[in-house]
């Protein structure tokens with residue numbers, strides 16, 4: 001595939017300074033938006049800048065330059081003095097908005113009011129005095145509001161109320177005290193990119209319908225492969241609807257690499273295939289095996305040590321057992337950042353075993369891949385460059401708005417051979433441009449959402465160094481939490497030693513249990529503590545943190561930090577809140 005030129009398409013220098021002669025990122029977007037959004041793109045740019053860009057001249061390969069501007073509305077005043085208050089939404093319906101005749105003014109007013117609702121929500125998300133969640137039980141919400149779909153349309157006043165109600169009861173995942181999931185935080189540039197992506201409303205299967213986005217996917221995936229350590233960023237990749245699908249892509253491609261005939265003839269034409277992954281790995285490996293007809297029984301779970309890392313000797317033992325039974329080992333999936341412990345499998349040792357037995361090595365770095373952006377922490381993924389494929393979710397540790405997951409493959413062209421179906425109504429071979437940019441045939445999907453723009457725009461805004469600071473801060477906050485609770489009365493660590501990732505796993509032991517002997521009764525009572533505290537957190541709306549059992553360990557808290565808005569004070573608050581809510585248990 002030919003490489004796009006430097007400048008607008010590139011990420012700029014590592015320090016985030018970029019090329020001074022290039023337009024700013026947002027302005028650059030507005031310069032090209034008209035190519036695939038038409039008037040709507042110009043209107044949104046007008047909302048951003050108070051003016052609108054004229055359509056760029058056709059022809060030429062250079063990104064269009066800024067042109068003369070026109071007013072966004074009839075009044076031509078800043079701020080706009082159009083009589084917005086005269087719009088009575090009670091008498092307007094969706095049919096009164098664009099493309100309706102004379103629909104421009106109500107459309108602008110309606111979208112501005114929606115924007116006001118969104119911006120109020122954004123501001124509240126960072127206000128520590130607001131609740132993380134206004135929790136109601138499902139039956140309460142069902143009874144309080146009529147959520148049913150009707151045959152007749154509702155007016156726009158009711159539609160705006162639905163927008164407000166939906167956000168009122170939504171989780172504020174950007175709140176600095178929301179620690180419940182691996183994906184937290186709310187990045188303003190990423191949010192803006194998501195809005196613009198939805199406005200463009202295009203598909204990713206061919207260059208002709210997504211020219212900018214296809215190029216951005218190319219340069220972004222190439223950059224990610226360079227960071228992994230593949231020479232010159234060589235290889236292939238795709239953005240998929242989450243890490244589970246990325247992992248399934250890896251299984252699909254690994255199977256095709258070993259037995260290409262399976263594409264036409266199916267599983268009946270190949271011997272029984274066996275995949276290997278750690279007992280702490282993500283459940284998506286088994287889901288992928290089920291979906292691909294390999295079967296969950298063909299996924300062998302490898303023992304982990306006390307820190308949750310795969311034991312290489314057990315991996316080799318299980319590979320030999322499978323071969324002795326006449327089965328064919330085809331994939332080993334190592335994990336870089338397990339979901340619960342945040343453990344990193346020993347990738348170099350796993351790579352040696354995969355090379356020895358000629359097995360595809362996949363690294364599920366959905367959670368831990370972000371650490372590759374940090375010079376301080378990337379050593380934890382040493383050996384990832386030897387993998388055949390890597391899953392990396394920027395929507396987790398890097399804070400990109402959901403969804404943004406990439407599957408990176410070391411061998412170029414393999415994904416295309418595995419998945420292409422040559423649909424002639426999409427992938428005509430006599431088009432007038434370089435067909436290597438028609439990337440849709442290597443995807444399982446036909447309709448594919450534009451996920452790259454959020455990551456690309458954030459990268460332009462933050463630079464690699466900005467992501468590094470983000471990662472380092474979150475890891476430092478996890479170390480801060482660990483340093484406080486490791487010797488604090490009422491806390492017990494699930495495993496010894498400083499966490500490798502931002503996962504901090506611990507039990508809170510209420511005063512009533514501290515005097516009990518470490519026996520079955522104590523464990524039974526301790527198992528009920530975390531669920532009760534979590535329920536109280538949600539009912540008060542003060543904070544949220546996850547809990548779970550694992551193996552023979554009863555329910556414990558799993559604290560994860562991926563939101564750079566969090567501070568030491570938020571960690572202190574969490575500790576105090578756990579103690580307040582659990583003191584009487």
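Glycine residues also receive a Cβ, built from the backbone N, Cα and C atoms like all the rest.
Annotated substrate binding in Swiss-Prot involves 181, 182, 183 plus, out of the candidates 536, 558, the residue 558. When the Cα atoms are compared, residue 558 (substrate binding site) and residue 396 (N6-(pyridoxal phosphate)lysine) turn out to be 16 Å apart. A simple way to gauge crowding: the CB of residue 181 (substrate binding site) has 15 other CB atoms within 10 angstroms, across all the protein chains here.
Comparing Cβ neighbour counts within 10 Å across the recorded positions 396, 558, the minimum falls on 558.
Within its own chain, residue 183 (substrate binding site) has 173, 395, 396, 402, 562 as residues 6 or more apart in sequence whose C-beta sits under 8 angstroms from its own. According to its DSSP assignment, residue 558 (substrate binding site) is in a strand.
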